[in-house]
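Asks: Okay, handing you the structure first.
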Amino acid sequence: MRKFLLTLTTVIALFFTSIPILAEDFSVAAKHAIAVEVSSGKILYEQDAETKASIASISKTLSIYLVYEALAKGEIALDTMVDISDYPYSLTSNTELSNVNLDARSYSVRDLLNASLITSSNSAIIALAEKIAGSEAAFVDRMKAKVQEWGITDAKIVNVSGLDNTDLGENIYPGSSPEDVNMFSALDVAIIARRLILDYPQVLDITSLNAYDFGGYTYYSTNQMLSDGTHARGGVDGLKTGTSNSAGSSFLATTQQAGMRIITVVLNATDGLTSPENRFVVTNDLMNYVYSNFSLVTLVKKGEAFEDSKIKVFNGEKETSPVVAAADLTVVQRNQTDNVPTATFTTDIKEIDAPLKAGTLVGKLQLKDQDFIGKGYISEQASVDMIIPSDMKEASWPFSWWNQFVRYVNEKL
């Protein structure tokens, strides 16, 4: 009987945890929040996501993007040694700030990258900025230019670390005030994080680490949702915590489950300064909500036509050729909805001349999703190339000759 009751209890528990949490019944215990699917940029949840707020060390996500960009351009290498100037070194004496021991005063880019991402070292990211741009101020200018490229036009950026300017003494950005802090919206943070993951996915090799060695010391990740953390959740492999008096307790996370990678942003979790763990609890709730309500589905598979898509062929063995997707076209949709996304095949080619080669680009298959949350997407909706699937020879003689003659008469006479 006891075994039966235990089994029954387990079944009931599994049943209720699989029930989707309806949007109208769900809210995040934080001031600002957003959830986005990475591959498509589709917004899956938002809560006051466009209001600017202090984000503290989450600012480092943008700084790290520019470090990877400098690596890609050859401005630095992972083994490049970086001398620690007096400015970032002086910050290591403030035990209230996240940092690592920098007494050796010279470290590799690789080591400083790890310190910036895993333990949120403020001095490490400042040292990297000085190495790459010559000064923190010059690096801040790069940060401002980069977010402008991404359509973020109203963020406030005054330093590379996300510290309050009051912590930086005389080293604040020219023209800024001691009271200034970096200000972004949750939406802005999601845009930056998505670009980082898509353009430099190797960042997850670092942010997924529970601990690392630096200068003879072992340091541990600030992300308590990693495998060894107090709030461990399978699939979580990043990305950045942030805490300050102005920002409260915040968390930018990413996880992959059931083939769908998402980004979640929680800014200023309720009672976060007194209970920093709240940001992880709230993030876990948000992830549960997303995965119980949305799924990544394939609308059109690679190599498949869409609604009998084809194109007219001149002087070929056949009068038409099928047109197929060059890659999967995927879309995130609600698990229970009648509003199913579709797509549209577009081409500027009325007729294509034989012979045809497999892989010839002839048009686009554009996703048409009208199930919007907020602005819907943080980028343009997805599209895939539509191509010729196989070679096609010219029509044999005399049909080929006749086709050319008819075209000449129609066009020239």
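The chain as shown is numbered from 1 upward.
Cβ from N, Cα, C; glycine included.
TrEMBL lists Ser57 with the feature active site, acyl-ester intermediate. The feature active site, proton acceptor is assigned by TrEMBL to Lys60. The active site annotation in TrEMBL covers Ser120. Marked as substrate binding site by TrEMBL: Lys240. Look at TrEMBL and you will find 294-394 tagged as domain 'Peptidase S11 D-Ala-D-Ala carboxypeptidase A C-terminal'. Annotation comment: TrEMBL describes 1-23 as signal peptide.
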Asks: Quick check for the class: what is the C-alpha distance, in angstrom and rounded, between Ser57 (active site, acyl-ester intermediate) and the residue listed as 'active site'?
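Replies: That separation, Cα to Cα, works out to 7 Å.
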Asks: Other than its own, how many Cβ atoms are within 10 Å of the Cβ belonging to Ser57 (active site, acyl-ester intermediate)?
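Replies: Excluding its own Cβ, the number within 10 Å is 27.
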Asks: Work out the three-state DSSP category of the residue listed as 'active site, proton acceptor'.
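Replies: Looking at the DSSP assignment, the residue listed as 'active site, proton acceptor' belongs to a helix.
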Asks: Return only the integer: C-alpha distance in Å from the residue listed as 'active site' to the residue listed as 'substrate binding site'.
Replies: 8
Asks: On the DSSP side of things, how many residues of the domain 'Peptidase S11 D-Ala-D-Ala carboxypeptidase A C-terminal' (294-394) fall into helix, strand and coil, could you say?
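Replies: Once the DSSP states are binned, the domain 'Peptidase S11 D-Ala-D-Ala carboxypeptidase A C-terminal' (294-394) shows 0 helix, 55 strand, 46 coil.
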Asks: Over all shown protein chains, what is the count of other CB atoms within 10 A of the CB belonging to Ser120 (active site)?
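Replies: Summing over all protein chains shown, Ser120 (active site) has 27 other Cβ atoms within 10 Å.
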Asks: To the nearest Å, how far is the Cα of Lys60 (active site, proton acceptor) from the Cα of the residue listed as 'substrate binding site'?
Replies: 8
Asks: CB neighbours of the residue listed as 'active site, proton acceptor' within 10 A?
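Replies: Excluding its own Cβ, the residue listed as 'active site, proton acceptor' sees 29 Cβ atoms within 10 Å.
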Asks: Restricting to the chain of the residue listed as 'substrate binding site' and a gap of 6 or more, list residues whose Cβ falls under 8 Å of its Cβ, or answer none.
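Replies: The residue listed as 'substrate binding site' has long-range Cβ partners Ser57, Ile58, Lys60, Thr61, Leu117, Ser120, Ala193, Thr207, Asn223, Phe251, Leu252.
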Asks: Averaging the per-residue pLDDT over the domain 'Peptidase S11 D-Ala-D-Ala carboxypeptidase A C-terminal' (294-394), what integer do you get?
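Replies: Average per-residue pLDDT within the domain 'Peptidase S11 D-Ala-D-Ala carboxypeptidase A C-terminal' (294-394): 92.
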Asks: For Lys240 (substrate binding site), what is the secondary structure state per DSSP, taken as helix, strand or coil?
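Replies: DSSP call for Lys240 (substrate binding site): strand.
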